[in-house]
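Participant: Pasting in a structure now, in structure tokens, and then I'll have a few things to ask.
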Amino acid sequence: MFRTLTVVPLLALGLSLSACADLGQPTVRADLLDQTGKVTGTATFSPSPIGTRVSIEVSGLKAGPHGLHIHENPNCNPGPDAQGQTIPFGAAGGHFDPGASHNHDGPHARNDQGHGGDLPMITVGEDGKGRLNFDTNRLKMTGPTGVLGRSIVIHADADDYQTNPAGNSGGRERCGVFQAIN
């Protein structure tokens, strides 16, 4: 009887700790800048029991859905697009693609089927404010699928989740570089 009472709680503790293994990851945040350099929101990625909790708040955008993506480079300066023209936040580079899929896809595709950086759209209200919260197991804060040392970009238009390279989601409206906050 004593062994059963001892083993069962220890087994439950071990299972709960293994489910929280990713909770050792740092929390990272990006201040979202507009094209003038003004901070207009934040994107925070933090550990959650299923992987990563994503929380985004932004203001000053037109009403409606906006494409949202993790980009390769930790740089929000102007830079060249695929055609070599300088665009706002172009130095952020292309979409983060840890699975080397070379394919724009929806936010629920596996990393080997679509860019790991393709996120759900953020919807902005008539007041110009948007908020998005979700959990994902496709991205972490560090490691091969980590966002630390990368950027996040909010685009001008909705993402069609199929057109390469950016889902036909228009220009880059907001950008932020992820930094560890703990």
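Including glycine, each Cβ sits where the backbone N, Cα and C put it.
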Participant: Pick from CYS20, CYS175: the cysteine that Swiss-Prot pairs with CYS76 in a disulfide bond.
Facilitator: CYS175
Participant: Roughly how many Å lie between the Cα atoms of HIS69 (Cu cation binding site) and CYS175 (disulfide bond), rounded to a whole value?
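Facilitator: HIS69 (Cu cation binding site) and CYS175 (disulfide bond) have their Cα atoms 10 Å apart.
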Participant: How far is it from CYS76 (disulfide bond) to HIS95 (Cu cation binding site), counting Cα to Cα, in Å?
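Facilitator: About 13 Å separate the Cα atoms of these two residues.
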Participant: Given the binding-site residues HIS71, HIS95, ASP118, find the one whose Cα is closest in space to the Cα of CYS175 (disulfide bond).
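Facilitator: Closest by Cα: HIS71.
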Participant: What three-state class does DSSP give HIS95 (Cu cation binding site)?
Facilitator: strand
